[in-house]
């Protein structure tokens with residue numbers, strides 16, 4: 001028998017400024033099912049998580065509520081913990097990034113990086129709120145759009161016309177926090193030298209640690225050239241102060257992933273059987289897996305492994321990425337009642353129904369998952385009640401009535417039990433590969449065969465015939481054994497059903513290997529209903545409650561990333577209709593020339609080839625591309641039908657597209673290889 005595997009598993013850390021919703025729960029349920037499967041198989045699998053408890057957003061919300069940030073994160077942690085527990089997400093430890101362990105580990109990792117020469121400093125110019133005495137992120141600046149003159153727009157994009165721009169381009173800028181007019185101010189920032197790890201990352205990301213689609217996306221970023229990563233923020237800021245640098249704090253995304261380590265270290269203090277270095281030391285032979293949403297891939301597949309490498313620590317065995325959640329084919333919506341908080345769901349429906357539905361649709365890829373509420377009702381009622389539970393309810397009564405609840409020693413259909421036994425390795429492989437949808441399909445196919453057998457034998461009809469009692473008992477004993485097999489296969493997804501079934505079956509907690517045996521001459525306990533059908537009215541009530549509580553209290557946007565990434569900190573803009581989008585002409589452009597603009601602090605002049613003509617475009621990306629010549633020869637994406645804009649330095653004939661919060665973190669977008677200048681993007 002092989003030695004049990006030693007596995008450490010994490011989910012992305014939920015941000016500690018509000019409740020979790022069903023989009024978040026997709027990730028935690030997915031991770032929990034995989035962890036439960038590993039434990040079911042006899043492996044030592046540890047599952048840790050924590051609240052992501054730092055950042056300006058938390059500091060400002062606490063101030064708005066008249067409490068300290070510590071009080072806010074304690075309150076939110078209690079809410080998160082209750083929601084996770086009630087959704088049967090069984091963490092071995094749920095901690096907080098605002099902890100002594102995380103402070104110690106963050107300082108240690110930073111110090112190692114600094115001493116190894118991987119930290120640089122330079123001056124950065126940003127808007128500063130003179131009343132609040134704080135530097136302002138782009139989303140904390142509002143003013144008049146420089147393109148369409150719409151008022152009350154954010155510092156990086158216009159919600160009315162969709163334009164993106166640098167905060168310094170905004171007209172009449174105001175602090176969104178105090179209303180004061182911000183001023184430009186220089187500050188020393190600290191940068192992690194990510195480009196120094198380019199070779200390692202190119203190898204590591206192609207070593208099987210990522211899904212192919214994710215590795216391909218990472219390759220695009222690597223091929224475009226990595227930039228140094230700004231890891232500091234200025235006081236006032238809620239977080240950890242950088243060692244030996246008063247008034248300078250770690251950016252939340254530096255200490256957030258270190259929170260995985262901190263939560264595990266906190267657990268190690270209570271579990272003498274666990275050795276921290278055995279899981280995080282450079283030469284660790286244990287397994288380490290991160291489950292995340294696709295919105296935070298860059299942090300986990302670029303910054304995080306590079307930090308670990310530079311700090312002489314182990315890198316993850318795998319980073320498992322999933323897509324977003326949609327509801328009824330659309331993004332979650334307050335107005336439609338489909339922006340559903342975890343607690344709102346739990347107030348109306350049992351957690352295992354959603355766990356099963358997610359499992360039935362979760363493959364191993366990064367595609368988005370749609371929660372169709374009508375399909376949800378139909379699938380749960382059909383599969384769980386109509387197929388799985390139905391087997392036990394059909395058979396148990398005959399065993400109790402005809403044989404005092406004792407299962408006879410008979411296998412009425414060996415070919416059927418052999419089929420169940422033969423299916424187990426494939427189902428296990430599906431679980432291991434995180435292809436839960438395949439595991440559920442194959443399990444339900446077995447349930448169909450079991451139900452077909454019972455329907456064919458019709459014990460309810462046999463019981464009425466003279467001399468058929470032995471056959472009735474044999475058929476029903478087999479039915480209960482097949483039900484037991486199904487429960488074993490479903491236990492990682494449906495732990496409560498498994499526990500209730502174990503009571504009915506009068507057995508110890510089932511393990512995966514129990515599928516190899518049958519119960520014979522075994523006493524059952526009385527059967528009671530294990531699950532009830534979903535009443536569609538309860539789903540309607542849940543949607544109605546979601547409209548009410550989210551309209552009244554929630555400040556989130558309609559977007560529903562299933563993790564805790566950039567959307568949580570930089571919400572989506574307001575919806576536009578299709579006609580508004582269709583009016584934007586997006587084209588592939590080849591950068592022929594890129595150069596500094598004399599007298600401009602943030603602009604580069606780009607000469608673009610869009611097929612049959614050339615365009616001159618000024619772009620505020622200088623801070624991220626100090627050597628513009630490296631952009632020459634690269635394909636990018638541009639808005640080609642934007643009205644030319646006369647600037648002090650010339651006329652700008654369009655706009656190139658980039659992502660990132662601004663400053664040093666600007667990432668020019670590129671199409672996939674094979675695209676040609678002038679091709680329409682659609």
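Cβ coordinates are placed from backbone N, Cα and C, and glycine is handled just like the others.
Keep in mind it's a predicted model, so treat the numbers as computed, not measured.
Taken verbatim from Swiss-Prot:
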- 145, 148, 158, 161: Zn(2+) binding site (BINDING)
- 334: ATP binding site (BINDING)
- 580-682: domain 'tRNA-binding' (DOMAIN)
- 14-24: motif ''HIGH' region' (MOTIF)
- 331-335: motif ''KMSKS' region' (MOTIF)
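Here the features listed in Swiss-Prot are painted onto the structure.
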residue	record	DSSP class
145	Zn(2+) binding site	coil
158	Zn(2+) binding site	coil
334	ATP binding site	coil
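Over all protein chains present, the Cβ of residue 158 (Zn(2+) binding site) has 20 other Cβ atoms lying within 10 Å. The Zn(2+) site, placed at the center of the C-beta atoms of 145, 148, 158, 161, has further neighbours from the same chain whose C-beta lies within 8 angstroms: 146, 147, 149, 150, 153, 159, 160, 162, 163.
Note: the Cα of residue 148 (Zn(2+) binding site) and the Cα of the residue listed as 'ATP binding site' are spaced 28 Å from each other.
Cα of residue 158 (Zn(2+) binding site) to Cα of residue 334 (ATP binding site): a distance of 22 Å.
Cα of residue 145 (Zn(2+) binding site) to Cα of the residue listed as 'ATP binding site': a span of 27 Å. In sequence order, 145, 147, 148, 150 make up the list of same-chain residues 6 or more apart from residue 161 (Zn(2+) binding site) whose Cβ falls under 8 Å from its Cβ.
The binding-site residues under consideration are 145, 148. Their Cβ neighbour counts within 10 Å are lowest for 148. Residue environment of residue 334 (ATP binding site) contains 16 other Cβ atoms, counted within 10 Å of its Cβ in all protein chains. DSSP assignment over the motif ''HIGH' region' (14-24) gives 3 helix, 2 strand, 6 coil.
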